[in-house]
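Pulled from Swiss-Prot:
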type	residues	note
DOMAIN	6-241	domain 'ABC transporter 1'
BINDING	Gly38, Glu39, Asn40, Gly41, Ala42, Gly43, Lys44, Ser45	ATP binding site
DOMAIN	254-499	domain 'ABC transporter 2'
Amino acid sequence: MAEPVLTIHGVTKHFGAVKALRDVDFTLERGEVHALCGENGAGKSTLMNIIAGVLQPTEGEIRVDGKAVRISSPAAAQYLGIGLVHQEIALCPDATVAENMFMAATNRRRAPLMNYRRLERDAQAVMNRLAAIDVRRRVADLPISSQQLVEIAKALTLDCRVLILDEPTAALTETEAQQLFSIIRDLKANGISIIYISHRMAEIFSLCDRVTVFRDGRYVCTDRLADLTPDDVVRRMVGREITQLYPDKLGADERSGGIILEVDGISDGARFHDVTFGLRKGEILGIGGLIGSGRTEIAEGICGLRPRTAGTVRLHGAAQPIRAYSDAVKAGIVYLSEDRKGSGIFLEMSIAQNISVLDLKALTNAVGLLNGRAEAALADDFARRLAVRMSGIEAPVKSLSGGNQQKVAIAKQLAVKPKVILMDEPTRGIDVGAKAEIHRVLRELASAGIGIIVISSEMPELLGLSDRLLVVREGRIAGELSADEMSEEAVIRLASGMGSARAADHAA
């Protein structure tokens, strides 16, 4: 019997007093797609960073083709044929797509001169397998979904024997995801071994052969997916039953709350046009649509992050002169970006500093000195409410898992006691247990009278969480769906231009 391509035995990793991994095992066979599952903070990303040479284990052994190895750096991992596609974007924004794709490959091959024409030709050939993206474009000019495809294409240039994909479809459209799945199946057929990290059970059961589950930094089990159901995997991940992923929606008698936010005919002259809708007090209003439809741009236009050429935003009936995000925060409107590391959090700063950063004025005394005790109390309160897994509020945010970083980003917005919260992909890349916690928090905030707008590309989240749903198509409101009218088919028809609903003028 052939040796596994990768064997992990007894690996432990400490970050100070925090034990991120405790004596874990993992085996990857040749030509298999192996799912790695667990809640955020379970240790998945830590192990993948060890395999990819980003981190060094405190204890344990790694074998490649049966031989013990020390993977001391990402370059050493690449030499062994191991590639990692991070969940978070790690590209050079001012370089072109082609330059980003071949940066690691050219470093590895050490060519004395760069043939840019050949580089662009080879890069375009790889990129065409995923999407029609011009590799001469600057990465900073691409949307997040296209940047994620560049990350994947970059890994495909390395001729990997082991490819690690960490939430690769989190920012992709359905069409883009299907193209990626086709490539994964081709790679598998050619003997490439793939570690697939995802919280999307449908993807795992469609693509993967086996699943390994981690919980609280420990190895739980490895099973053939053919022998399991999605509920089996979830139970192994969380160690408990998830009884209700989505809290109860508003009852019919609760849906008549007064309008708290009015968006009247706003346009930016390019990405969204004549957008009109209302948000009721205590309501969770979902906004759906295809990636690139203008959902994010509408939210940015409301809160001063994107200039508007027309229209008015009113809060409690009063027009708000919002020209910058600071104006929106002062008025009581906050926005959680879909790009949490680019716009949502400060990785090098502490958890306490991140949570308090939007309202430092309230935490300073008459002479402008920060009240550290008040800051700590504020941060500790919100970190506990959102169940942030941490060693302490003074820990840097970069030490947290992706899901816990997202919780800190949400806590930062909540700390200013907003009247309206706009959340763009609030649970992207977060495990099922953390999703349930965040959904519970959102419903509690709505019950306290806050108006909440949720933009999501996850259909179950839109349908399960929203009291009312707007669908955006080509920068315009294509229609509105009440709780009773919501269905996946109805959303898809509106998003693709195949159906109609009540006019946007009646969206409130």
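Here the Cβ of each residue, glycine as well, is placed from N, Cα and C on the backbone.
In the three-state DSSP scheme, Ser45 (ATP binding site) is classed as helix.
Annotation for Gly43 (ATP binding site): same-chain Cβ neighbours under 8 Å, separated by at least 6 residues, are Lys13, Ala20, Leu21, Val24, Phe214, Asp216, Gly217, Arg218. In this structure, Glu39 (ATP binding site) belongs to neither helix nor strand by DSSP; it is coil.
Around the Cβ of Glu39 (ATP binding site), a 10 Å sphere holds 25 further Cβ atoms from the protein chains shown. It is Gly38 that, of the binding-site residues Gly38, Gly41, has its Cβ surrounded by the most other Cβ atoms within 10 Å. Over all protein chains present, the Cβ of Ser45 (ATP binding site) has 26 other Cβ atoms lying within 10 Å. Within 10 Å of the C-beta of Lys44 (ATP binding site) there are 26 other C-beta atoms, taking all protein chains into account.
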